[in-house]
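Okay, structure first, notes after.
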């Protein structure tokens, strides 16, 4: 831990503390885990390196997560759209998933993660894919189409306030603010 | 004037600058302190790994256990610093302290005879073990029990420390502290929404959008989570269909079901009464026979002493089994079935303690043939009745601890060994042990209620409770890691937290009743303890108030009088109605806004 403290310049560390919800120890731990994902030669300039998606998905915190591809896609700022992440993307992700992030920030990013077709609303297809992610990828673990219909109908009834058949960001944030489990489940701590 | 204005602006900006820099450095300092204090959090790493492997539902049980360890430790520090420490200081004469024993006035001598047999002379080693387990003998004269504290005032170099008053106030303080801490935790963890009708825990949006625990790191746990989420969603959808069916029931079917439910409730009440009656009889039997001097050292005597604890544990074990069997016939929706069974189990466990205490008191105040006239209680059998009650609580706590360890050692591990290595069909049907959270939680809340009631009679009990829960954490963790099977019904973290805290609060409120009766109603024992000179333990307080200057006295008497209590109660009711009316108004506004959005 002492070694990695000297690898992040102090002003950069302070800047990261200001810009994210993470504490100093969390940023240092994130740096350590990020540099472990890089091959040995690239560890010196970890700040400018990009880790490919396949490496990110080996992290224990992400490998068991059904939304792993969506998380990488949402937080990656790569111009080549290959979902690779830089250290700042990684910090961004940890900041949103940290304990001290506000519920607005979390619900904003949760919306983006659940929006599988990236069209800015959660429509029936998105909800169907979301439920399938939750129940597992096998054939026998999916809900039947009648059950899926009933479930999506119930979800839209509870959250779709303007009755247009889709859930936009404000409706999503409204329904999630009343959900008691959201803050404790939408959390990743290294 | 221009110069002074300029100076003013400069002064203002300097003030603003200073404020900004100081708030920044304050924030930095706070985050540093927070970072350091996170290392001090007990079991942070253990709970984090449990969360990763088993999800937040089970993790909430372990967080709850950690909360109880801290609560008991703080209660112990409270009792130690205000009661035990002054006693130790005065008994060993540190800081030039002296002790004052005030001799009791207006009390018959016969009430003050109390000779606890402190095991003088040569005794068998077995006697020490027996005393350790039942709180008699050498333990009875230690600071573990109320009887040890007999000092009336401690003089520490010119300052007078009123020990009886401190003892009583420390009792009230730990009850108030527990109450406030539990309320604070339940408000933190749960955003209660009065505005929307639907139960926020059961809403589909909560289950889908907040369904996945992002902190799961283990692929096995993820598989279990998939299955439990699938099961939960399917059950809820089926339940909705069932509700529709229930709404379509004919009149004849309704009458049939309601009469069946009434019948089953009568059976439940009969079972509860049976349990209570048997506890009462066993307690009376145990109290009568354990005072026999002839077989005081035989193992049978130990068994007789532990009989109430054994019967209570059996009742706590068999009762829930019968309840979950009976509820199937009542045809409620699955969610309501669980709630009702849980409610019945909670009531059974907590009421058992109440019945035990009630039977103890009936023994203590059993004045058959003028046995109580001199002192107000049965002084022949119970010269120091607070120590006796303390001993019963101590026995309950020790037995509870032994049972938890024994079940873990002799039931869970052999079961796992049998199921993994023996492929006999009967055993495979028996299956792995599920980590039933509600049962485990009720167990530790039962232990905590005993601790709350018993601390007044036995000031060292919170220390024992702290050590007990500390060990139970590791035992349960090991049992969980080695023998767990996924629970069919998934547990949600927030609803679990809320449920645990509500039941804990019920336990605390239940603990107020016996303590209130002991302190204010039953005469305190005249042969031992701090309240020898008062008719009841509560009397210390009016006595102390009478020593205050008259102005202050009048204030206190004013607060306790009806002239204050009735208007206070009325104002409280008005505030409550105002808040309820406000909530209703908000609800109406929200409905109107929703309609407007749809019309748009």
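Cβ coordinates come from backbone N, Cα and C, glycine included.
Because TrEMBL annotations are produced automatically, they should be read as predictions rather than curated entries.
Record features (TrEMBL):
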DOMAIN    B:384-494  domain 'TMC'
TRANSMEM  B:67-89  transmembrane segment
TRANSMEM  B:165-183  transmembrane segment
TRANSMEM  B:255-280  transmembrane segment
TRANSMEM  B:306-329  transmembrane segment
TRANSMEM  B:393-411  transmembrane segment
TRANSMEM  B:498-522  transmembrane segment
TRANSMEM  B:564-583  transmembrane segment
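Remote same-chain residues near the transmembrane segment (B:255-280) are listed as 249, 308, 311-312, 315, 319, 322-323, 326-327, 329-331, 344, 347-348, 351-352, 355-356, 358-359, 362 (criterion: CB distance under 8 Å, separation of at least six residues from the stretch ends). Residues of the domain 'TMC' (B:384-494) grouped by DSSP class, helix first, strand second and coil last, total 86 helix, 4 strand, 21 coil. Between the transmembrane segment (B:165-183) and the transmembrane segment (B:306-329), fewer than three CB pairs separated by 6 or more residues in sequence fall under 8 Å, so the two stretches do not touch. Panel annotation: around the transmembrane segment (B:67-89), residues 42, 95, 97, 143, 148-149, 151, 154, 156, 161, 163, 166-167, 169-170, 173-174, 177-178, 181, 185, 444, 448, 451, 455, 459-460, 462-463, 465-466, 469-470, 473 of the same chain, lying at least six beyond its termini, place a Cβ under 8 Å from a Cβ of the stretch. Mean predicted confidence for the domain 'TMC' (B:384-494): the pLDDT average there is 82.
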